[in-house]
Amino acid sequence: MSATVEEIADDVQDLNVQEFDSDDAGADVHASDKVASRAERKSRKALQGIGLKKVGGITRVTMRRPRGHLYVIAQPEVYKSSHSDVYIVFGEAKAEDMSQLAQAQAAQQMAQAEAQERLLAESLQNSSASGAEKKVEEEEEDDDSPIDEEGVDAKDIDLVMQQVSCSRRKAVKALKESNGDLINAIMNAS
């Protein structure tokens with residue numbers, strides 16, 4: 001069995017395409033590739049005879065209303081009248097309320113501040129817990145020997161203990177290492 005292939009020639013009609021001259025009024029206003037509503041198509045058709053020129057390079061149009069209301073058109077098609085400073089904008093307008101945006105930003109900042117406070121509190125708890133463990137270990141090591149407070153004032157020992165929250169033994173040791181200097185003793189003990 002053999003198959004045969006036949007070629008069939010169709011008559012194709014040439015379509016007449018009319019080109020508009022750039023001198024025509026409203027030549028820049030044309031139906032875009034986007035799906036347009038019926039009202040938009042009617043508006044474009046009505047504006048073709050006015051003589052509008054398309055303005056390129058505009059990515060966003062914002063119209064401000066009283067009380068902080070904004071109307072934003074993303075990716076607009078903007079046309080300018082050649083006779084006056086009148087602009088016509090096509091696109092989907094979305095309403096934005098600046099007071100709501102400000103409230104949302106304030107709430108977000110508050111949440112971030114609370115998160116930072118929680119992290120700081122956790123880190124302080126962790127450091128104080130590890131510091132308490134170190135203090136217990138140091139006290140256990142030094143509990144066997146008696147405290148030698150010779151050459152150190154009792155008021156200085158109490159002051160170092162209050163400032164650093166350390167044991168009496170550690171305060172005496174820090175004061176002896178710094179030769180009685182309170183500031184250096186506090187820095188060494190902390």
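Glycine is no exception: its Cβ is also placed from the backbone N, Cα and C atoms.
Features as listed in Swiss-Prot:
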- 30-40: compositional bias 'Basic and acidic residues' (COMPBIAS)
- 138-151: compositional bias 'Acidic residues' (COMPBIAS)
- 37-102: domain 'NAC-A/B' (DOMAIN)
- 152-189: domain 'UBA' (DOMAIN)
- 20-42: region 'Disordered' (REGION)
- 123-155: region 'Disordered' (REGION)
Taking DSSP H, G, I as helix and E, B as strand, the domain 'NAC-A/B' (37-102) contains 18 helix, 29 strand, 19 coil
May I have the DSSP-based helix, strand and coil counts for the residues of the domain 'UBA' (152-189)?
29 helix, 0 strand, 9 coil
